[in-house]
Amino acid sequence: MTDSHVPHPESPAVEEGEERPHRRIKSFVMRAGRMTEGQQRGLDQGLPLYGLSLTDTPVDFDQVFGRSAPRTLEIGFGMGHSLLEMAAAAPEHDFIGVEVHSPGVGALLNGVLTQGLTNVRVYDCDAIEVLNRCVADNSLDRLMLFFPDPWHKSRHHKRRIVQPEFAALVRSKLKVGGVFHMATDWGPYAEYMLEVMSVAPGYRNQAEDNQYVPRPAERPITKFERRGEKLGHGVWDLKFEKVD
């Protein structure tokens, strides 16, 4: 019979009377993926040029980009198609992408290199850490969260990234007038996002009916989304503006 009081070998021992360290529930699962030649090129050549690392103090992004410009941060950019298209279409804007999966990071950076873009920077780590440690308060014009994992099962809802605490964190990083733009293709998650954001302090829903906005022209349609539309699947966009 195993002694239930023996600490896990990978965990530090906790003395009697001590509190166990709080482990934040993560909204993502690391998945292994095979790298294409282009993705590997993006990592090898692009990451040293355009990759950013976690810091203990907020980053001066004006210095990073060499200018002061409207600034967008996207969490979980996947393979980078939307972020790449948006950055190419708006060279007067600066874009910061955050993604934990290496093939996606490599794909985005390969595109950045191929197109010669200079207005994109990338973090390949946990977005919550990036927001907490690297992004100054009141510094973002827009934060985008497109098609995050909906965590369908009820027991996994706590893993959804959109939570009251996350809404407050995003608000602290947005400028007044800045926008938190979300999109999902899972109806129940759209309702959940709307419920969380509608009661989050300091935001205004930009939808005229306080529900969902029509698909904004600036958000590119992905191949996945086009396929879903043909099958009759819906997509819901939410835009909440920081008002104070």
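Our numbering is plain: 1 for the first residue shown, then up by one each step along the chain.
Backbone N, Cα and C atoms are what each Cβ position is placed from, and that goes for glycine too.
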Worksheet item: In Swiss-Prot, Glu74, Asp126, Asp149 are given as binding S-adenosyl-L-methionine, so which of Glu37, Glu92, Glu99, Glu191 is in that site too?
Response: Glu99
Practice prompt. Mind computing the max CA-CA distance among Glu74, Glu99, Asp126, Asp149, which the record assigns to S-adenosyl-L-methionine binding, rounded to whole Å?
Written response: 15
Item to complete: Count the other Cβ atoms sitting within 10 Å of the Cβ of Asp126 (S-adenosyl-L-methionine binding site), across every protein chain shown.
Response: 18
